[in-house]
């Protein structure tokens, strides 16, 4: 068979055709598509029987297509070939002319039959959709399948439940009928508050609903637990995404697809995810993220998405905080230097504050922070609700970080100002602190405070976190000693010569540094403690449970019969954990069994025999 022409698929026709030349020389057109787009064009074949078969296949959850053909005479083919050539070479309105040509050619078809294939669900699709629902994410299914097929698949994958009241908006032919049906559905939802509702919409009804009744349609959809749109053209999928994006709630949309017909939907959503399945790589190539299986979506959202949001939220607000701490003392200093534009900090400190002294801790935090174990996040999808609606980057959270920065800056400046004071010498030889010493004292307290503040925000400590956190403070001290302790020949003026060494030689300065750092961080620590005790979030409760889960009563190897060596350790365990009573532990050991620290015991710190315990 020689391929002569391809009549490409489009979302309006919902079918695709090819014109071929058979070995005998006759010209044939073969068309495939949904039964709604093929059967109306057919004039012959087993139409009624095929329609029954298609409905039966759809009820079983199979994906169906209808196949038809048309035989051209020589004169008909010449006309078809001429029309296609003129439409494809048109310089203006090419798409409209091609659509007209396709409609002219695809008529008077003879139905050959129907095909049905099983599009099996991947592993853990039901569990993943259920997890998304528990996380507070509303799931819509947009598919091109037949109504019966789509409903069957939705029930099998857990999108619809058997106990759910299924509402239908299908086979609507007019605007008035569609509006009346939408009002009836709205009344049914309002009258019944207990049952969960699911909505099924087909492509033609959706077109009518989106034309003049968007608000009413969105109101019905918002009150439904699950929405299923079937017989959807690719462009209709994108229109639905756009409608959700511009709704009053302004939700963040995420589209997941695995085929070329999902590309427009993936590109329209805020975040697009392509699944690299057997339908090609078009969806994966046009997406923001690509995954190999649908079940990986839960880890992508609940683990990586949660971590990245926490990291970015803290990163952005911490940068505001530490620069408010940096600039505010400089602003306050102008009131005490007669607005002479005298700088509080040395120019080298001004340059290196954000580049060297405070950059690495927040950088490593934003790369490796895990405020809770990944397995806990994946097993408890409800924790995702804590970061929904941009909770950590809200106005309230931003104002807290900003006010914290201003309060710390005031403590830095006025704490140092009252320490230095008037007619006060903090050095053993009676000399006074000068302008650069005062500024260096403020800068030193600031570097230590903002670095330790980052340490307070860190939950996941690795060796690199310790290295950059405490290393940044040590590097600042070493750099300042070298910078101010040597006369560098390439520097034109060296205002900081011996300033830092003189500052550290004062015991009062050391005490002031310690006092101001503790005062600044004490406020933050108290707030964190009270928030965790009085209004803990689900994530904070999970953190507490995770911290306690590694120590259990049964992990102890001691029996605590009352002997002195174990009684004291047992009482300590009781106090620390608050839930393990040594009297309830009933493990028995032979006298020959040695106890070692790797026996998962938190009581035995060195080898001992069982008689000791």
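A Cβ is built for glycine as well, from the same backbone N, Cα and C atoms used for every other residue.
Remember, predicted model here, so these are calculated numbers, not experimental data.
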Check your understanding: For which of the residue intervals 348-371, 372-395, 468-491 does TrEMBL record transmembrane segment?
Key -> 468-491
Review point. Per TrEMBL, which of 307-331, 432-456, 532-556 is transmembrane segment?
Key: 432-456
Check your understanding: Which stretch does TrEMBL mark as transmembrane segment, out of 99-121, 191-213, 398-420?
Key -> 398-420
Check your understanding: Can you say which of 497-523, 578-604 is given as transmembrane segment in TrEMBL?
Key -> 497-523
Check your understanding: Across the record's ATP-binding residues 9, 32, 63, 143, 144, 145, 231, 237, 261, 262, the largest CA-CA distance in angstrom?
Key -> 21
Check your understanding: For the binding-site residues 63, 144, 262, which one has the sparsest Cβ surroundings, going by other Cβ atoms within 10 Å?
Key -> 63
Practice item. If we count other C-beta atoms within 10 Å, could you say which of the binding-site residues 9, 231, 258, 261 has the fewest? Key: 9
Revision key, fill the gap. Rounded to a whole number of Å, the separation of the Cα atoms of residue 262 (Mg(2+) binding site) and residue 144 (ATP binding site) comes to 10
Point to revise | residue 258 (Mg(2+) binding site) and residue 144 (ATP binding site), Cα-Cα, nearest whole angstrom | key: 13
Study note, to complete from the structure: Cα of residue 258 (Mg(2+) binding site) to Cα of residue 9 (ATP binding site), in Å and rounded, measures 18
